[in-house]
Amino acid sequence: VGTKLYIKYHWQSQNVKQSGVDDMVLLSKITEDAIVENLKKRFMDDYIFTYIGPVLISVNPFKQMPYFTDREIETKCPVCICVHTYICMCYACGTYNPIGESGAGKTVAAKYIMGYISKVSGGGGKVQHVKDIILQSNPLLEAFGNAKTVRNNNSSRFGKYFEIQFSRGGEPDGGKISNFLLEKSRVVSQNENERNFHIFYQLIEGSSAQQKEALGIMTPDYYNYLNQSGTYKVDGTNDSKEFQETMEAMQVIGIPGDCQMQALHIVAGILHLGNISFIEAGNYGQVESPDLLAFPAYLLGIDQNWLQEKLTSRKMDSKWGGKSESINVTLNQEQACYTRDALSKALYARLFDYLVEAINKAMQKPIEEFSVGVLDIYGFEIFQRNGFEQFCINFVNEKLQQIFIELTLKAEQEEYVQEGIKWTPIEYFNNKIVCDLIENKLNPPGIMSVLDDVCATMHAKGEGADGTLLQKLQAAVGTHDHFNNWNSGFVIHHYAGKVSYDISGFCERNRDVLFPDLIELMQSSEHAFIRSLFPENLNTDKKGRPTTAGSKIKRQANELVDTLMKCTPHYIRCIKPNETKRPRDWEESRVKHQVEYLGLKENIRVRRAGFAYRRVFKKFLQRYSILTPETYPYWRGEEKQGVLHLLRSVNMDTDQYQMGRTKIFVKNPESLFLLEEMRERKFDTFARAIQKAWRKYIARRKYEQMREEASDILYNSKERRRNSINRNFVGDYLGMEERPELRQFLSKRERIDFADSVTKYDRRFKSIKRDLILTPKGIYLIGREKVKKGPEKGQIKEVLKRKLDIGSIRSVSLSTRQDDFFILHEAQYDSLLESMFKTEFLSLLCKRYEEQTKAKLCLTFNDRLEFRLKKEGWGGGGTRSLVFQRGQGDTAQVKPAGKNLNISVGDGLPKTSKPTRKSMQPTQGGRRQPPSRGMPHCLFKGYQNGAAQFSRASTRSQEQMYSTPDKRSRPPNAALPKLGSQKGRRAPAAQTQNANLDFLNVPDQGMSGMQRKRSISQRPPPAPTSRPKVQPRSHGPRCRSLYQYVGQDVDELSFEANEVIDLVKEDPSGWWTGRLRGKEGLFPGNYVEKI
């Protein structure tokens, strides 16, 4: 049971950085400004994912983020868990629908999801093959279907719905791709600062020398289909490397080698077709340079002369008197150019369809069981010139927005009805009126219906047909609120803003007719692969209107909607933070516009409808059961009653929540924050108890190891003092953190290993105090002198008397007795010092010496020692001797005799003595006795609680700060057991170019924006009631400290004399629990008096 509970509950450390709120339903204010500010805060801290209930919000970071790598998936990072949850929600028949404008990150979001599914699912050889195809389909379809636009360096110029099929065991064992309306016009023309499809540049940069020669590859500026925009490179894109990835993807998918080569032939052939130009000769079009026909004809496997004929003439059928005959009509220059471009577009589109079909064949399975669909489709677009393609793209986005409104917002409101919750309906803008404007068939006919009628009845080319279209649109929908005319076309008030469409070319691109002559030409190819791309039977009679591009995209969009309606859609609303495509660049107005037209505010308002949080009873109990002993580890009884017990236990007002049939609904975010804070405190308390026990164990083990290592230095060589052999090492006995007058002689960040006040003896054996400091760099001896002149004359100042480099020390001499004398031998002169902490100092000195010199420090033990004196002027120098004799007592008696110093001291512990290893005491067992109240306030000068004085303001690492030496503890009164009920302290509070680029600006919201704001303002969200009442903390008795006390453990309080302490609990053991300055801990009761 314990293991299950550990897995079920996850404690997030206080050190985890919090940025805004991850679920925007919990925002205290529901305004566009609050939403934008929250998204900005998270974006600047590299949190790109936020959510509104089941809707994921993704902000494009314009940089690579460390998501979904093997390491992140193995460690179950929060992003991976979030995506995993979404996938589980969609399993059986679900879809992911990334929605947003061009460059917002929809394609990357779709790739993340497919990549994650591939990584976390198991399976054998067949499953692995399907996974490889899922992953490799992305680079292949991006190469042929994506391009650089002014808004996005990797913009999807087609739409795809990728259906990943699963076995009953949850393994991906099949799949299917549906593609929508490739932007074929990009093959033959691009706007300024844009590129053609990636594959053209990949072929030029990445093909081998042999391939370049075989395909006639030149530089990109040579080809008319590539040099119109003057843009050939994309920042951060390696076309050569991506070409290799594209070819590798073809191999994995299973496209045969000859078909791969034929695909490259078609790509190169299209480039060479674009270089065929025409001149006007007597109202007829002629090829300007017939030599340019040879290479495309060779690559496509067709006859050069026939290619010239089909580009400059067309076979037309005429019926007269019941008879029909075919005649050849010579084309003019404009018509010839149109025919050339039509052939190029048809070749590319059919090659693209072949690649999609090849992927589908590689993944197909006979029976569909379960599936997850990923929709990756072009985003809402506004360019300087918006043509027929942008019209179709924005229409599809309108349809997706419509289904989002219907399925998400309506589903939210239906949940309240199903659960029997009292709520206020929320008004929201429904864009169905814009969809009807575009796709209606009758009463009134929509824009697409009028366009198809004009294309069917008009035979004029160019401006004539487009002008007629504009007139008919004005007659049919001119009075519509979301439609306006302008001098070159028309304006539609989309949900995302007003877009002006240039009418020029609408009819030609909507017709999308490939004449039979061109089909017949390609069917004559000597390459079977190219012939297979044109399977039409030209001998059958043609009946009815030809299918137009507009009707095709309308049909595909409605089929897509039908597919989504059969599934359980989950949405990713993608937001583009800037137009510069730079990381950490935030355009406030652009993001706010997207927040408005994506309907995030309405989504939050409907999601809340007065209730910020909802959860099924079981999940709620699992998360918050830790708050009461009755519900932890599990509740015995009905789940609904368990939830009610929890809410009553935390004193939540009844107007802050409603109980549904299967869910609990909490009204205000503050109520949820209160629950989360209490839960966090519980886990924080447990974590601190565990950390305390572990640190105590580690520290004790470290102390024992240090004592043993130090003891080994003196073992068998020197007697030990009884009161120091088991002493804990402190290191800093001077409190260097609060001694800047001593730190001035050290480097800024020089670490202090040891610091103590020692006694130094001069040539006359006169003793004087010195501060001894050991660092990794050397040994410092600091004394004090009176300033003889200057403004500080007469003051006592610290002076650096000597500095010894670690490597310059030759040896250290000690006696065999239990005294504290030692001599540091150095090249110039020696230093005789006395320190009661010599063992600790020598152990640290030996370590530093070995680190620097890679040799052991020489230690000499003898009862007759000599040390060399410092030379001073013409005299000085020489030596002095120390003679050690057996005496009485543990304190050394010093008697100078000329050049000798006689030192007598009683016998100490044997030379073979070792420190005693203390057994670890249980946490709830005994505790050292508190200091006696009767002791004088200051036992030793410069020490507190019998411990060496050091900084209490800072918390040092265990390597620098240790426990108090036992010899300086206060005398015991009586043994006081540690409080068994003391489980931990309270958790701390939470920390808290010259081209016109105006089209890149945030678009006018138009009528849709006005209606959206009108619907929002009609009914404001219910005002939150008062913040949930928290029971006021009752102040218990208080006490005043009589003496200063420095806590000796992490759970003890430190205080000065005359401080007032909140008394939490008295205990007969003498160790009371109190609270001071927000910290709760233990302190000795005989140090205080009650107020």
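A Cβ is built for glycine as well, from the same backbone N, Cα and C atoms used for every other residue.
Those TrEMBL annotations? Automatic predictions, nothing curated.
Here is what TrEMBL records for this protein:
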BINDING   G100, E101, S102, G103, A104, G105, K106, T107  ATP binding site
COMPBIAS  946-963  compositional bias 'Polar residues'
DOMAIN    19-680  domain 'Myosin motor'
DOMAIN    718-907  domain 'TH1'
DOMAIN    1034-1091  domain 'SH3'
REGION    557-579  region 'Actin-binding'
REGION    889-1038  region 'Disordered'
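In the shown protein chains, 25 other C-beta atoms lie within 10 A of the C-beta of T107 (ATP binding site). For the domain 'SH3' (1034-1091), DSSP puts the residue distribution at 3 helix, 28 strand, 27 coil. In terms of DSSP helix, strand and coil, the region 'Actin-binding' (557-579) has 10 helix, 8 strand, 5 coil. Averaged over the domain 'SH3' (1034-1091), the predicted model reaches a pLDDT of 84.
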